[in-house]
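Structure, as structure tokens:
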């Protein structure tokens with residue numbers, strides 16, 4: 001009962017700040033002023049020129065978004081004031097793990113039939129006319145002028161940092177391998193370290209080294225051929241018969257090329273040695289009168305080659 005009272009009270013407070021559907025333009029203006037005084041959902045500072053500023057003027061848009069988010073948080077804090085809540089329910093909800101809540105919800109949905117699963121109803125009340133006009137103008141600018149919000153965000157200086165992806169993951173504490181499915185359906189962190197490619201590469205390298213070593217050992221083995229016992233005599237007889245037939249066939253198949261090449265012998269020159277005994281004294285006349293003589297002693301052998 002306490003939970004139902006809280007929901008009804010929050011809806012009643014939200015209805016007070018929202019515009020009634022039956023009000024006209026005057027009623028809308030009055031309610032808009034009331035929401036501005038009381039800190040409504042959307043402030044008038046959320047103006048038309050948020051995206052008309054060139055270059056890096058989108059920072060003002062971020063500041064206005066922060067102000068609007070703060071105001072919405074204030075409204076939520078006002079609507080969430082409990083009247084007389086049961087402290088046991090709050091403590092139990094705080095103690096439970098969010099993953100357990102998701103798992104329990106998924107189990108309930110999986111056990112339901114397709115007819116029982118329905119889309120939740122739209123929230124009661126009406127959105128502020130100022131916010132509707134704002135969205136309508138932005139949509140018209142997108143259709144007519146081709147304004148792209150993603151391009152405006154990407155053009156900012158803060159998003160030109162090459163390491164912005166890692167910084168955002170660290171700042172927002174995002175789990176890249178995480179999932180919204182419960183663990184009983186899919187658990188991305190349930191794999192062991194051996195399942196990742198680094199450990200698989202190491203194991204593969206070890207197995208390849210073992211195979212290479214085995215191949216090297218196989219090449220070192222010496223194979224010895226053997227013959228059966230009792231077949232030695234037959235083997236020798238057959239070998240001699242085959243050898244004799246091979247010799248006979250070779251003799252029958254002689255051709256002109258099998259004849260021996262005649263070898264021509266070149267006669268070596270004969271050396272004749274003649275021994276000549278020359279006189280011991282040779283007289284040489286130096287003048288016509290022959291009065292003076294000189295003596296030359298000559299003793300030896302003269303070698304003479306025979307003419308061919």
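Note: Cβ is positioned from N, Cα and C throughout, glycine not excepted.
Annotation source Swiss-Prot lists compositional bias 'Acidic residues' at 57-78. According to Swiss-Prot, the feature compositional bias 'Basic and acidic residues' maps to 79-99. What Swiss-Prot lists as SUMO2 cross-link is 95, 220, 304, 305, and the listing cites similarity to another entry. The phosphoserine annotation in Swiss-Prot covers 18, 22, 43, 52, 113. Summarising the annotation, Swiss-Prot assigns region 'Disordered' to 15-101.
Secondary structure at residue 113 (phosphoserine), taken from DSSP and collapsed to helix, strand or coil, is coil. Spatially close to residue 113 (phosphoserine) yet at least six residues away along the chain is no residue at all, judged by Cβ distances under 8 angstroms.
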